[in-house]
Amino acid sequence: QMMKHAWDNYKRYAWGLNELKPISKQGHSSNLFGNIQGATIVDALDTLYIMEMKEEFKEAKEWVEKNLDFNVNAEISVFEVNIRFVGGLLSAYYLSGEEVFRKKAVELGEKLLPAFNTPTGIPWALLNIKSGIGRNWPWASGGSSILAEFGTLHLEFIHLSHLSGNPVFAEKVMNIRKVLNRLDKPEGLYPNYLNPSSGQWGQHHVSIGGLGDSFYEYLLKAWLMSDKTDEEGQKMYYDAVQAIETHLIRKSSGGLTYIAEWKGGLLEHKMGHLTCFAGGMFALGADGAPSDKTGHHIELGAEIARTCHESYDRTSMKLGPEAFRFDGGVEAIATRQNEKYYILRPEVIETYMYMWRLTHDPKYRQWAWEAVEALEKHCRVDGGYSGIRDVYNNHESHDDVQQSFFLSETLKYLYLLFSDDDLLPFEHWVFNTEAHPLPILHKEDGSKEEKQK
């Protein structure tokens, strides 16, 4: 029902545009996608399919066939377009078998390749997909590329090579690892900024939240997606977790485990909503951890889930803030006005979903249902779902954006959490960072594809 409300209103007021403004009942176009349109449609395809919303899936597919156009003169975020558009098209193809999705995914992948034309092969953050000219965000440390952005291309690009028979996509993302492996890591940690020209780190800031987050997730998932043959990805992931445990994971005086941010050796005792995905990641990676550490990784996942639940529980609206702190006597509470908003983000619910599937402890369904009730109470409006400006307030001030990831991630993770485990089981599927399921590539798959050609 929530998906239908979100989708029907998008269709009614913003069809073909990137996102919906549910209060003003009109379209919203984020500059992340340049002039590419239809972000909500592409992001929602697999959710519609999984929820068996067949009519809606069919109209979405028809829109993609007729209107999804990449021949635009516009600068896009390589990362956002990859995780939402390439990821969304790939998983729509794998779920439905409809050729149009494969063709569009490969076409878009080819348009992203010029981003890698840098001295090191570390891609630019921004790319004009007509001219092929790239650059980095002007605010990023000394012209650097961002770890979470260039580190979150791997899963999709491996599948693009798999589906197109063109090895160039896989080569581009494997090269990123070569560059990273050559570099010295401060305390074994990966800074968030890397200069694509010099191949050197920018500022020594480390975060498992924004700017860093999905890089770590993709190391683990690359190994899982390779049917556990990608040993380089495996080693990089478990080494990184070791360093994160040593240097970033702390316990508050009230007994809450949190992941701090590291700035040139000093800790900032703050955790972002985005960082809350890590509970699910630790639990998902528990199985492949050194044998004496499996239980420890599950436990770590459970502790992060609990901390993130507290960040929700300690607000008036029972929805979590963008960031929360552990200092000056506060725990798991946002202390700055510009961190009190909630934009329909999925990360806490994502962690509940992984914890539920991996432990079947009923509290995760309980906590997820609390989030559903809060979303219905505070975010649902006539025209869809809107983010909230201050979750500590008793009165909603809506931000008037229904993010495409609400349909792609938040609602999909909730649906999976309350479904049986055999819907998209973990032994066959890995989710990209936008919750788009990609199949695990078994060793024999590659040769089979070759023979068919």
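These residue numbers are counts, starting from 1, taken along the chain as shown.
Note that Cβ sites are derived from N, Cα and C of the backbone, with glycine treated the same way.
The active site, proton donor annotation in TrEMBL covers Glu80, Glu322. The annotation active site is assigned in TrEMBL to Asp213, Glu347. TrEMBL lists Thr433 with the feature Ca(2+) binding site. Taken from TrEMBL, the feature disulfide bond applies to Cys276-Cys308.
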Can you give me the same-chain residues 6 or more apart in sequence from Glu80 (active site, proton donor) with a CB-CB distance under 8 Å? Leu32, Phe33
How many Å lie between the Cα of Glu347 (active site) and the Cα of Cys308 (disulfide bond)? 9
To the nearest whole angstrom, what is the C-alpha distance linking Asp213 (active site) and Cys308 (disulfide bond)? 15
Between Glu322, Glu347, which of the active-site residues has the fewest other CB atoms within 10 angstroms in the structure shown? Glu322
Using all protein chains in view, find how many other C-beta atoms are within 10 Å of the C-beta of Cys276 (disulfide bond). 30
Distance between the residue listed as 'Ca(2+) binding site' and Cys276 (disulfide bond) at the Cα atoms, whole Å? 13
Cβ proximity for Cys308 (disulfide bond), under 8 A, sequence spacing 6+, ordered by residue number, returns His273, Cys276, Gly279, Gly320, Glu347, Val348, Thr351
